[in-house]
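**Q** Pasting a structure here, questions to come.
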Amino acid sequence: MSVSIIADITTNALCPSKSTCSQAIYINGLQQMVVGICKMVVIPVLGQLADEYGRKPLLLLIVSTAIFPSAILAIDESKGFVYAYYVLRMISHIMSQGSIFCISAAYAADILDGRSRAAAFGWMHGILSISHVLGNFLARLLPGTYIFEVSVALLLIAPMYMIIFLTETVKLTPNLNQHLRWSSKAYKLVQDRYSSMRYALHVVTSSSTLKCICLVSFFYDMGMSGISSVLMYYLKSAFDFNKNQFSEILMMVGVGSIITQMLVFPLVNPLVGERVVLRIALLASITYALLYGLAWASWVPYFGALFRMVYILERPSTNAIVSKASSSSDQGKTQGLVAGAEAIGSFLAPLVMSPLTSWFLSSNAPFNCKGFSLICAAFALAMAFYFAWILPEAPSTQEENGESVEAPLLA
């Protein structure tokens, strides 16, 4: 709900009565850069913890962090509260951005066989798109002053639902370290995390499929994170878009994404496979970036949004490829490391996109192309497409035939 209005709130608070706000672009880019740095470590660790201590407690923790940023702006939208919002949103994104679906995908893999996972991932992303549509529909109808109050109420439902209905799928082992001194426990915790991280890196680097999909995810997230960090400020400056236009585009994309993820992906994937779907999605993302970067009229962003309905399939196809190439005991670790590769890309993107966008939106631009930074992002997406093109077929794992080789590493 808050996505479509945050550009207006930030611009009004930091640059009153202006349509272009370099300060807003930079603070958004700084937040994304810090989040990217921290996610490189946090997401793989959360994936490991979910494998060892259970999916439910980790999901409860990371979902709950999303409540506080909206609560701040529900109180006040002045400059100080906007700064506080970005600090809290940064903490929330470090914990939750990428890790929610990473652990949810591992949860789904716990209860489904390999043949059903791709369709399940498509449905999970489709349900996410339904929530986007409903959120943007509410944002379109509600006055701006009520959006964050309603958002907080809806965010509280998620942890309450999980507490009541979500069942744990990981069988927890007894804690053998409970009688150790606190210093010994701390040392053992660090040692276990190091060993688990080393094992996760071994799993990924020993698989040509997982190595290649990490590169795909890195370049894809570099391109798309760069675009998403500046897109609304670019559209606001170039075409004077506000929350109504943003909501319309997001609702249109959401409706199309529901169809592609819940109906098209489960039907097409068994026929052509995840790799072909991934390549089609990446081609659509390149077209999307070029259309937005070269947009010459206010209707072009609406047309370009049609390609967003296709490139959204990158996520379920990537999740399916990673899941197929991983054993059941390593789902959280591998999904977490791939998400960590995405985090590296999202950290690097603002370093280029924020100053480049601010420069080309200003009166000092070297030539008239306000969307030049988005065109540059298309090159990163083209690199993702190259690695997707050479992506080898994921071998079927034999996870049921023995214990994980991680056991001796953690002994």
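Numbers run from 1 along the shown chain.
In case you wondered, yes, glycine gets a Cβ from its N, Cα and C as well.
When I checked TrEMBL for this same protein, it listed these features:
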type	residues	note
DOMAIN	1-395	domain 'Major facilitator superfamily (MFS) profile'
TRANSMEM	58-75	transmembrane segment
TRANSMEM	87-108	transmembrane segment
TRANSMEM	120-139	transmembrane segment
TRANSMEM	145-166	transmembrane segment
TRANSMEM	249-268	transmembrane segment
TRANSMEM	280-299	transmembrane segment
TRANSMEM	337-360	transmembrane segment
TRANSMEM	372-391	transmembrane segment
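I would like each feature placed in context: is it buried or exposed, what are its neighbours, and how far apart are things?
**A** Confidence for the domain 'Major facilitator superfamily (MFS) profile' (1-395), expressed as mean pLDDT, is 81.
Through the fold, the transmembrane segment (145-166) approaches residues 1-2, 5, 56, 59-60, 63-64, 66-67, 70-71, 73-74, 135, 138-139 of its own chain, all at least 6 residues removed from its boundaries and within a Cβ separation under 8 Å.
When Cβ-Cβ distances below 8 Å are used as the criterion, the transmembrane segment (280-299) is approached by residues 216, 220, 223-224, 227, 231, 234, 238-239, 241, 305, 307-308, 310-314, 317, 369, 371-375, 377-378, 381-382, 384-385, 388 of the same chain, each at least six residues removed from its ends.
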**Q** Using a Cβ cut-off of under 8 Å, list the residues of the same chain at least 6 residues beyond the transmembrane segment (372-391) that approach it.
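**A** Hits for the transmembrane segment (372-391): 209, 212-213, 215-220, 222-224, 226-227, 230-231, 234, 275, 278-279, 282-283, 285-286, 289-290, 292-294, 321, 345, 349, 352-353, 356-357, 360.
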